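Engineer: This is the structure I have questions about; it appears just below.
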Amino acid sequence: MTSTPPPQFDFEIPPVPHLPTPSGSRHRGSFGSSFSFGPQPLVDSYLEANSSTYSNNHSIALDPNRSILHASPLRSSPRRPRKPKDSINRPHPLANDTTGIFQHSDDDADDEEEYEWGMVDRMRLWRHDALMQHLYETAAFWGDKIVSWTNDPNDAFWLAQTYFMQHQYSRAERLLTRPFPTSAPNHPSTPPLNITNGDVSTTEAKGKGKERDTLPLSAPIPRLPLGPTGMTEATQDAQESVSRLVDMSVACRYLAAQCQVRQGNWSDATEMLGEANPFRDLEQNKPAIPDIDGGIKIEASMCHLRGLLMLKLNRGDQAKNCFMEALALDVKCYDAFEQLVSGEMMTPEEEWEFVQGLAYASQTPQDAAFIQLIYTTRLRKYKHTEEHALTRQRLVTEYGLGDNPDVLFSFADALYANFRWSDCFVITSRILGLVAIHNATTPLHIACMYHMKHLHSKLFILAHEMVDREPENPISWYAVGVWYLSNGKWAQARQYFSKTSLMDPRFGPAWIAFAHTFAMEGEHDHAVTAYSTCARMFTGSHLPLMFVGMEQITLSNYEQADEALNASYSMCDGDPLLMNERGVMAYNHGKYAEAANLFQRALDLAEVTQSSQQSWTTTYVNLGTCYRKLKQYEQAKEAYQKVLLLDPRHSLALGFLGLVYHLMNDLDNAIIRYHEALSVDPINGYILELLDMALESAANYGLHEYSLSFGPEQFQLQAARLKEKFVRFKPESKDLFEFYINAAIRGVPKGSLSSAPESMNL
């Protein structure tokens, strides 16, 4: 089994006009120069930093190609480790994080050896250790004191991170939009204790057994007063030497936008990030350029957050472009990939081409193959069956991920797409045995329990356990709704599906199930409305449009049904169920040959995907009916017999097979099949009528065959004798007897079928 090579497809980032800056002729770094929170001043500052106007630290903070690793409290640098020194005064890496991790040199190492820990260093260590142990109040308490002493933007950033983890979003946003000095701050190891008229007294400290003088400490820069709107109320000279953190660092701007999103301020967050990527037109920022420090580009994270904002503002197309841009900028940004795939924003073929065409080799040369494989497993399984199977095989054999939940989910998803409920349930049970909750797997697990009736009681128990364990998870209430749906309680099911949609508006299964309740209840108009809403939300999924077409067929609105089914087919041409529905429409238009071809294509697609044949008995029945309409009785008989091999008690197939025998003048087999059909469905009026016609035809055929066994003269002689006996016992039936005799002589049996009855149409 070989896989097809990936298509030569590169995602092109659309151009955007240059964003105007309101700064005018003021200095880019000035706080007063940026009257709005737009990102263009940040871009201009980055360009000036690259032209050596700013320091190296400033350039790092403004570089969108970097991650936030240069300010990480863990100092997780890939630099070459050094031999540790035997010194009790050597600083802890968590205590001095104010320098970029890629600026380490031998001189810095010497400075560290001569460095003595001060109070600020120890408190930084406390702050970061508290963060790692989820003691956020502790981290915020000590972090606030550090910022008050140092006025360091890096310390302020980590204090804002602490506030964010405490869900104090307004407090974090105010800190990030507060003025800070633009010049490189001093990093005192000990807070200034003796301050008189701005003069800081020097102290003596001893380290490593010798005396040294501590560098003179500068007094903290007084904080500028903030007005009610957050703008400064200070002189122009004072504003020129300060700037907001959001104008000094890309990471700070991203964190501030995250705070605004959590507060529901969509417009403010959009202004903070920009309507489009402000770094898009820069030569230094292209999808093929890898991240400088090996992390995840902050620019990609900003594009992902911008996409979430577009979803909140009901701009689906812009959200799709933002997520695609985020993934193109950095293939490691899985959140953007998850939004594209789970939100079904692209058609299956668009998904395949986009994911296979990403710049894996240039961005992550060592891990490119693995990232491409693991992303491929999450794509929809309607096409590229062999490629998906080969991908799973490689992940199991080459990377040892045979028991990984995500790889197992890919296998379960393929089984579910092929209607193999029991096999899929085995895999999903294994996944949920490994992890308590797997958001991608749980809906499949619940759906399999719905389709297998003997598991409905277990579905009831599972729904209760999920609600008790995770009441804030929308999937828990989705499980409750599915259980009510399995018991035919449509109103209660709709109530819980609606609650699920309110908790997570992008949870597709809840929207589809909500519409299913109307369809099952017979409210087809409401079902069409619900499916149409779902189609507008999930523009890359063909299922809502297909369900709209099915409801229109039920309502006999064939023109609308054709429109919906054709639109669905343009999005996905590999779904056998869609082929079946298109065949039904061709049959309704009287195009029996075309309908037969479509039904056969549906069966061929199901066979390629190794689908459960039990699920396609209806398609076999439809195929046989088309052959019967085309008077191809042998092919029709084979199709119906195939159904009976899969389901011997299929009443519709038994009745249609009897009708085919009836049309072929095989009355004995026709009568047998009619009786078998009535044994399954005793009150089927059409089969009862056909059985009466077959019995009368068999009686007349018996007299006709008797006439053929003799010559015409012998038959007339025998008929005369029978007539004499018949008239002797029933003189009033003389004319009826002559009618039967004449019918037998002509060879046209009473009750024979010249064509299929219209009541037995598909």
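Placed from the backbone N, Cα and C atoms, the Cβ positions cover glycine too.
According to TrEMBL, the record shows the following:
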REGION    1-33  region 'Disordered'
COMPBIAS  1-20  compositional bias 'Pro residues'
REGION    65-110  region 'Disordered'
REGION    178-238  region 'Disordered'
COMPBIAS  183-204  compositional bias 'Polar residues'
COMPBIAS  205-214  compositional bias 'Basic and acidic residues'
REPEAT    474-507  repeat 'TPR'
REPEAT    576-609  repeat 'TPR'
REPEAT    617-650  repeat 'TPR'
REPEAT    651-684  repeat 'TPR'
Engineer: State the residues, same chain only, that lie 6 or more residues beyond the ends of the repeat 'TPR' (617-650) and have a CB under 8 A from a CB inside it; answer 'none' if no residue qualifies.
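Structural biologist: For the repeat 'TPR' (617-650), the nonlocal Cβ contacts are 576, 580, 583-584, 587, 592-593, 595-596, 599-600, 602-603, 606, 656-657, 659-661, 663-664, 680, 756, 761-762.
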Engineer: Report, as numbers and ranges, which residues of the same chain sit near the repeat 'TPR' (474-507): CB under 8 Å and 6 or more residues beyond its ends.
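Structural biologist: For the repeat 'TPR' (474-507), the far contacts come to 311, 342-343, 437, 439, 442-443, 446-447, 449-450, 453, 456, 459-460, 462-463, 466-467, 513-514, 516-518, 520-521, 537.
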Engineer: To what whole number does the mean pLDDT across the repeat 'TPR' (617-650) round?
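Structural biologist: A mean pLDDT of 92 is what the model gives the repeat 'TPR' (617-650).
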